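Enquirer: Right, I'll just put the structure down here and ask away after.
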Amino acid sequence: MISKFHPHLKCIVHHAVNACLAPVCSLHHCAVITVDGIGTVASRLHPVQRIAKAHGSQCGFCTPGMVMSMYTLLRNNPEPSMVDIEEAFQGNLCRCTGYRPILEGYKTFAKKSACCGGRGRGKGCCMANNCNEEDISMYDPSKFIPLDPTQEVIFPPELLNLGKQPPRQMKFKGERVLWIQPSTLTELLDLKSHYPESKLVVGNTEVGMPMKFKNLLYPVILAPAYISELNSVQHTKQGIVFGAACTLTLLGEVLRDAVAKLPTYQTEVFKAILEQLRWFAGKQIRNVAAIGGNIMTASPISDLNPVFMAAACKLTTMSKGTVHFFLGRSCAFIGQYFSAFKQSPRQEDDIAIVTCGMNVVFKEGSNIVEKILLSFGGMAPTTVIPKTTCKKLIGSAWNEKLLEDACASLAEEMVLPPSAPGGMVPYRRTLTLSLFFKFYLTVKHYLAVDLQHEAVPPGQSSEDFVGRPIMHLSALKQATGEAVYCDDIPCYENELHLALITSTKAHAHILSIDTGEAMTVPGVVAFVFAKDIPGSNITGPAFYDESVLAEKMVTCVGHIVGAVVADTQAHAQRAAKVVKITYDELKPIISIQVSTAVFMKSVELYEKYVNQIRLTFNPYCEIHIGGQEHFYLETNCTVAVPKGEDGEMELFVSTQTASKTQALVAKALGVPANRIVCRVKRMGGGFGGKESRSIILSTVVAVAAMKRPVRCMLDRDEDMLVTGGRHPFLGRYKVGYMTSGKIIALDVTFYANAGNSKDLSFSIVERALFHMENSYNIPHVCGTGYMCKTNLPSNTAFRGFGGPQGMMVAESWMSDVALACGIPSYEVRRMNLYNEGDLTPFNQRLEQFTIGKCWEECLDISNYMKRQGAVEEFNRQHRWTKRGLSIIPTKFGISFTSVFLNQAGALVHIYTDGSVLLTHGGTEMGQGLHTKMVQVASRALGIPCSKIFISETSTNTVANTSPTAASASSDLNGMAVYNACQTLLQRLEPYKVKNPKGSWEDWVNAAYFDRVNLSANGFYNNSGRAFNYFSYGVSCSEVEIDCLTGRQKVCSDMWTSGAFMQGLGLFTLEELHYSPQGSLLTRGPGMYKIPAFGDIPVELQVSLLRDSPNDKAIFSSKVLGEPPLFMAASVFYAIKDAITAARSESGLSGPFRLDSPATSERIRNACEDRFTKLCPPAEPGTYTPWAVRV
């Protein structure tokens, strides 16, 4: 939080800002408060850090940002509304929690409770369940520290006095940049004249990004943020005049005040600007971004420029600089209507696909257009006005004829080349028509005038925490910023920093590498290339088919060629960017469709196929499922510390697989594995992305650290470039079925885009085949899987590990059968479900099969039949807005499919003071594994959790560990911990018998003095079946789509969690774009959007199936790490149901193709109508696309 005395507002202002964008020089005269400055575990927690006790912190890497956003809000408004709270978190991202526990914890600060007050949420209501909020709460709000604004840190008086003094010019000179902060307008004009190439920076939201990601350098920066003329706000008879340095937050505050005071007809433009500001970036950006900067960047997808242009706002400039613009009440007329629209992949904090401002004035007392001004962003290199269309419409009546003329004219005038940057050309062209239609309807209208948890068994000891919701063991440290992640480890003496040198070509021979210019960068110590690896350059987690460093050929953009080692991270990165590599380019293969190289045909198992069955769909039907970026909040990081003798090295790594990291680093260094120790304290998220792809970075860092400690933490764009993600899948299928909807036979083939190496692709395709029938009993099945080699970074493990792709294809053919038969999809799904005792295609009998019970309970809780009727009635009454409903089952197998990995070890020490140190083979990445292992040990040993401690995971305590993956870590490591504890209990039993009234400490000390070993190893392996057991679930979702823009919102959902929200991103939002040359275009949060706070369902209910024990896992544990991800497919198929309703309005029926993710573009294009026909796509092969589907 940044606090400063604002000399023009004459008050102290508090703002949350993005630290990565805030230049240090801009903080002069500011007070900076970070998360560790408001409360600590050792001293006193601040009330805002209650997020920990509300279970709102999992991996914890996003928690400090959440805490400070809320803290800033409370400093400005001690009693916020829920709307204020939700707005404060725009721009904050979380990949673990699904956001709900964060909002639930912080709603305790809000003015009003979130309880429905008996207004009838049916069975989801606390009153309907004969309980109150306290009974079902996962925490006790009464134990939270109350907020007392009088106890906050005061603004330093010294800074207050400085802020009131007359401003003076300041200069800060760095290694390559001169920062000048002028104090007057005259100084600014003189400086700009003297430094004509200088950049003017207020919020740094535009200049900071190209400096970071495009390697641009601006030697002189002028900071006019404190010049009075540029910060003024003047209310005149003609309108409101804003200085160019006024922030967007201030703009919103002033306009909201004007809307409340002025007549409605005078505020049409103001309200449109406010609507655009609502979705403009995040709160932290709006707090610093300036109006003038937003205008002068002239972005083609600007949110505000189309509004300013459509409103005929005036931009005033002086020959040497000052910029004002005028929001004109001079163009405010009775009979004027103004609207602004923005369409983006994600509504909250996202860049636009198309934006527009639309302004029409009618002749007094009529519907005849006197003036009309339309302005579009996203349709040209700059904001554009369709002048021909506007001219044609003047003098026309506002009716259907005008609409037809406008759409036809816009279709002709608003054209884009097929290969335009950003792609989606037909969609963008259609949007111009659709958004005008929305404006037409708007004007025509005006012209016409809670979570539950299951109770523990009766009589369970209060000290036995198994089955009870307990706080994540590290949550408090995460909420105070005290939790130590890999890059938080203090720097070693003589430590160096490493930056990667990566390929810019997807497929090419390396001809030469020139490091001459890089050597001139200050602080550069060394370069690392393949020839410097002392051991083997060959690596790979399952197959040795990769190189640590590319030597003669690169096979993807982002292929690691070498590394620079320097005294600072900044110097290393600067040097890496100027290393020149000469290539002999080869033709790359990017997509599945054109991949001709196949690693190997996956096992053609699962065959219960009868050739006599005639398969109905001919030719094969298809669905493409796009890839997904892990987007863990903590990027990959390694610190390597050489020990100086015998080749020993200690690695601190953010990884899910410590033992494999140890083994492959040892292989590269040419030493036995016993010389390498890999240590993992915690990770800021993993999701499979740190199971194998983290090893390459660790190996490179280890090679560079032969003599001195070396550290490397990747930037977000680097991490996304080099690590790969979820495998894109193409599913092809034929289905044989009866007219009743009963499915008889299935022939399905999966094609997975593996990337440039095998990595874990074999097992991922294998698991997809294991889940190809999802929860349905299909008598005759043939499944085949292929791994397609392409010139992309190797794709890898991701939550679900191929299972979601396999089940997604299953639900696609299930949806097609329902549409072809004309039978409701829920009936077709229900009639084909497995039953208890059925055999899967891989001959595993289903035991304790609960899908049927889950299905019926979900129908009941969701009021499915009543809701279905309401959806149908809504769709009859609305032409351009449709709702859809879907219910989807999930059967997810729990185990590693590679049988040898189903093992785990643990080590338990009991010390003479009674405290217990526990170590196991799993790693903590936010899922609470350490917390669960402490619960297991607590119950097994019969002692409180407070006596048990887990420090870290390390290869020198538990050896040969399996990756923390496959949702199996709690089951495997839990049994290993239990096994070790049982060994210790047997050793302590004689002393408990001898002294039954003694304490735990008494028994431990008696055993110690009797020379009994108080340390024990534990080990466990399971039966080795395909799956130890299955997790079952059913999800029901209702969605609403805007048929004109493709925007969708989840109205209600019967399941939401962090995994579910990740699945929601996979199936509806997250989309990776690759250029035809194989370059990833969506690097970083600016271009790649994960679900945000605003994407969680409006209404949600979660129910755990009662009376369904599991005898195949520790303490009846059931896995919930991966299975809920696929339950988000219910949102996808609810969208498809809504599209079906929209298509029926155009006379279209039967099966249709909808690929995943169901983005706004795909939704809009699938809702075929007269507007889409006016904007047909270009013929494939006639142009070079901006991006290709991989």
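Our numbering is plain: 1 for the first residue shown, then up by one each step along the chain.
Cβ from N, Cα, C; glycine included.
TrEMBL feature annotations, pasted as is:
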- GLU1122: active site, proton acceptor (ACT_SITE)
- CYS20: [2Fe-2S] cluster 1 binding site (BINDING)
- CYS59, CYS62, CYS94, CYS96: [2Fe-2S] cluster 2 binding site (BINDING)
- LEU200, VAL201, VAL202, GLY203, ASN204, THR205, GLU206, VAL207, PHE280, ASP303, LYS342: FAD binding site (BINDING)
- GLN656, PHE687, ARG799, ALA966: Mo-molybdopterin binding site (BINDING)
- GLU691, ARG767, PHE801, THR897: substrate binding site (BINDING)
- 172-347: domain 'FAD-binding PCMH-type' (DOMAIN)
Enquirer: Between the recorded positions GLU206, GLU691, GLU1122, where is the Cβ count within 10 Å the lowest?
Expert: GLU206
Enquirer: Check the Cα distances from CYS96 ([2Fe-2S] cluster 2 binding site) to each of the binding-site residues CYS20, ASN204, GLN656, PHE687, PHE801, THR897 and keep only the ones within 10 Å.
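Expert: For CYS96 ([2Fe-2S] cluster 2 binding site), the binding-site residues whose Cα atoms are within 10 Å come to PHE687.
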Enquirer: Counting only residues 6+ away in sequence within the same chain, which have a CB under 8 Å from the CB of ALA966 (Mo-molybdopterin binding site)?
Expert: PHE801, ILE894, SER895, PHE896, THR897, LEU901, GLU1122
Enquirer: Find the one among the binding-site residues CYS62, CYS94, LEU200, GLU206, LYS342 whose C-alpha lies closest to that of PHE687 (Mo-molybdopterin binding site).
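Expert: In terms of Cα distance, PHE687 (Mo-molybdopterin binding site) lies closest to CYS94.
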Enquirer: Could you state the whole-number distance in Å separating the C-alpha atoms of GLU691 (substrate binding site) and GLN656 (Mo-molybdopterin binding site)?
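Expert: The Cα atom of GLU691 (substrate binding site) is 5 Å away from the Cα atom of GLN656 (Mo-molybdopterin binding site).
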Enquirer: How many Å lie between the Cα of LYS342 (FAD binding site) and the Cα of CYS94 ([2Fe-2S] cluster 2 binding site)?
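Expert: On Cα coordinates alone, these residues lie 24 Å apart.
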Enquirer: Based on the record's binding annotation for Mo-molybdopterin (GLN656, PHE687, ARG799, ALA966), what whole-number value in Å is the widest Cα to Cα distance?
Expert: 13
Enquirer: If you measure PHE280 (FAD binding site) to ARG767 (substrate binding site) at Cα, how many Å is it?
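Expert: PHE280 (FAD binding site) and ARG767 (substrate binding site) have their Cα atoms 41 Å apart.
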Enquirer: Select the closest residue to ASN204 (FAD binding site) from the following binding-site residues, measuring between CA atoms: CYS20, CYS94, ARG799.
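Expert: Checking each of CYS20, CYS94, ARG799 against ASN204 (FAD binding site), the shortest Cα distance is to CYS20.
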Enquirer: Rounded to a whole angstrom, what is the C-alpha distance between CYS59 ([2Fe-2S] cluster 2 binding site) and GLN656 (Mo-molybdopterin binding site)?
Expert: 13
Enquirer: Mean pLDDT across the domain 'FAD-binding PCMH-type' (172-347), rounded to an integer, is what?
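Expert: Taking every residue of the domain 'FAD-binding PCMH-type' (172-347) together, the mean pLDDT is 85.
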Enquirer: Consider each pair of residues in GLU691, ARG767, PHE801, THR897, all listed by the record as binding substrate, and report the largest Cα separation in Å as a whole number.
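Expert: Per the listed residues, the maximum Cα distance equals 16 Å.
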Enquirer: Measuring Cα to Cα, how many angstrom lie between LEU200 (FAD binding site) and GLN656 (Mo-molybdopterin binding site)?
Expert: 45
Enquirer: Between the Cα atoms of CYS62 ([2Fe-2S] cluster 2 binding site) and GLU206 (FAD binding site), what distance do you get, rounded to the nearest Å?
Expert: 24
Enquirer: Give the distance between the Cα atoms of GLN656 (Mo-molybdopterin binding site) and CYS94 ([2Fe-2S] cluster 2 binding site), rounded to the nearest whole Å.
Expert: 19
Enquirer: Which chain-mates of VAL202 (FAD binding site) that are at least 6 residues away have a CB under 8 A from its CB, listed by sequence?
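Expert: Correct list: ALA223, PRO224, ALA225, ALA245, THR247, VAL288, ALA289, ALA290, GLY292, GLY293.
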Enquirer: Just to be sure I understand the packing, how many Cβ atoms besides its own are within 10 Å of the Cβ of THR897 (substrate binding site)?
Expert: 19
Enquirer: Apart from GLU691, ARG767, PHE801, THR897, which residues in this chain have a Cβ no more than 8 Å from the mean position of the Cβ atoms of those residues at the substrate site?
Expert: LEU760, SER763, ILE764, GLU766, ALA797, GLY802, GLY803, PHE896, ALA965, ALA966
Enquirer: Cα-Cα, whole number of Å: the residue listed as '[2Fe-2S] cluster 1 binding site' versus CYS94 ([2Fe-2S] cluster 2 binding site)?
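Expert: So the alpha carbons of the residue listed as '[2Fe-2S] cluster 1 binding site' and CYS94 ([2Fe-2S] cluster 2 binding site) sit roughly 17 Å from each other.
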Enquirer: Measuring Cα to Cα, how many Å separate ARG799 (Mo-molybdopterin binding site) from ARG767 (substrate binding site)?
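Expert: That separation, Cα to Cα, works out to 12 Å.
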